[in-house]
Amino acid sequence: MRGRHADAYSMYKRGTRDYINAYDKEQVRSLNGVSKEIGNPSWKRSFLYILVASLASLLYGYHLGVINETLQSISNDLHFNGNTMAEGLVVSICLGGGFLGSTFSGLIVDRVGFRRAFQLCALPMIIGSSMSATAKNLWGMLLGRLFVGTGMGLGPTLAALYVTEVSPAYVRGTYGSFTQIATSLGLMSSLLIGFPAKGTEGWWRICFWVSAVPAALLALFMQFSPESPHWLFKKGRAADAEAAFEKLLGGPYVKGAMAELLKSERRGEAETVKLSELLFGHHRKVVFIGSTLFALQQLSGINAVFFFSSTVFKSAGVSSQSANICVGIANFLGSFAALLLMDKLGRKVLLIGSFSGMVVAMGLQAASASSLVSSSNEVYLSVGGMLLFVLAFSVGAGPVPSLLLSEMFPGRIRAKAMSVCLASHWVVNFFVGLLFLRLLEQIGPLVLNAIFATFCLLAVIFVKRNVLETKGKSLQEIEMTLLPPE
């Protein structure tokens, strides 16, 4: 086994060395000059492939929200109604699966590439959805949700990395926002499809069957999508990388794009990376920033809103259907605003503004639960605070972290570093989903919302001190600017 890996690595080194020798420094400078003179490549070439990759995010959003309207019917049919720990486990078991999928996502991408990795992401979602739809008891449901979770863990990592590596620099932020829009559309779809669940026996099973369709489309369309040229180049397939760039950017931009990759190669792009290097080596600070940012994203309480908004609105005396429609609309509007602003205001500004708005929103929700607010105003503060929270989240805290970190990591560690950072996302997400209802019972909404608001405030401080701006820069420029060699 080691011999085969050594042979592959030596072939890779020979291939990239031969390719580098084809260009001297003067040629690289002239190629970059040419690419600047002819302007930016057309966004239309890569647009369809971004939409295909965004199906993974749509599935992620759908499976996050599918439990919201159906949990009561599921618990009645599978005989665990009233058991808050069992209900929390049905919600959070897929997040445990997500942790497993995310943990191995970097290894999978490095081994098989993005196209095959997306197809491997779709497979457990198809299997898990089928198992959930046909479950006869709690354990069958949990097993199906676990399978779905492994695909959910792969999906966000793959989508963020793929969008980053195939997008032209000038629209990379805009394209990165497509994943958040797809997530919000998935959430809205799950809520709309789930509305009849409380009045129609067995409808919740239809909700799970429906999700197998976009998963199958993802696997099919990825067969016709280009591989990441960055991954191809790392594997020593320079000619294939050129062909992928031509498909994504157009012929006049291929040489300039390849020249950028050559700069990374000269900086040690080809070397393999070990986990110890990510945790304790030259890139440990960026890994720490990414892990902390994803943890704070989940400690803000956002997925408690998506998982249990029906329960919270019901306690406030608001129809769950109308409330959830409003949540979905707020999420979509915020995601659309992020698409327009990402490449104009920049990543850091959106993060600070987003988390600041979430502090205010959680403050409103906490105030609604205090004795100082009259019962007539309680509903307005609670619902208004929740909708403002979702809107603020979807503008920045939702779409920015995945895009920002995939931009900041150098190519040789990008996939594995993202999987390490997202592991913190899934761990925190799991415990929030598992414990939210129990904490709501034990400490009440006032204290719980105050805790979430505190984490949002900590996120504002953390972003101001640690996050650097990346908008408008190529991946190689970001690497050389933000992560200079030792």
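Even glycines carry a Cβ here, placed using N, Cα and C.
From a predicted model like this one, the values you see are computed outputs, not experimental measurements.
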Range annotated as transmembrane segment - as stated in TrEMBL, picked from 175-197, 244-266: 175-197
Interface present between the transmembrane segment (349-367) and the transmembrane segment (141-163) (three or more C-beta pairs under 8 A): no
Folded-back contacts onto the transmembrane segment (349-367), same chain, C-beta under 8 angstroms, at least six residues removed: 296, 300-301, 338, 341-342, 373, 381-382, 384-386, 388-389, 391-393, 395-398, 400-401, 404, 445-446, 449-450, 452-453, 456-457, 459-460, 463-464, 467
Contact set, same chain, for the transmembrane segment (443-463): CB under 8 Å, 6 or more residues outside the stretch: 292-293, 296-297, 299-301, 304, 312, 348, 351-352, 355-356, 358-359, 362-363, 365-366, 368-370, 397, 436
Surrounding residues of the transmembrane segment (379-405) on its own chain - C-beta under 8 Å, 6+ positions past either end: 156-157, 159-160, 163-164, 172-173, 176-177, 179-180, 183-184, 286, 289-290, 293-294, 297, 300-302, 305, 309, 312-313, 316-318, 323, 326-327, 330-335, 337-338, 341-342, 347, 350-358, 360-365, 367-369, 373, 417-418, 421-422, 459, 467, 470
Highest-contact recorded stretch vs the transmembrane segment (85-109), from 46-65, 175-197, 203-224, 321-342, 417-437, CB pairs under 8 Å: 417-437
Which of 46-65, 175-197, 203-224, 417-437 contacts the transmembrane segment (321-342) most, counting Cβ pairs under 8 Å: 175-197
For the domain 'Major facilitator superfamily (MFS) profile' (49-471), mean pLDDT (0 to 100): 84
Chain residues in Cβ proximity to the transmembrane segment (175-197) (below 8 Å; excluding those fewer than six residues from its ends, i.e. six or more beyond): 46, 50-51, 53-55, 57-66, 68-70, 72-73, 156, 159-160, 163-164, 167, 203-204, 206-207, 210, 306, 321, 324-325, 327-329, 331-332, 334-336, 338-339, 342, 394, 398-399, 402-403
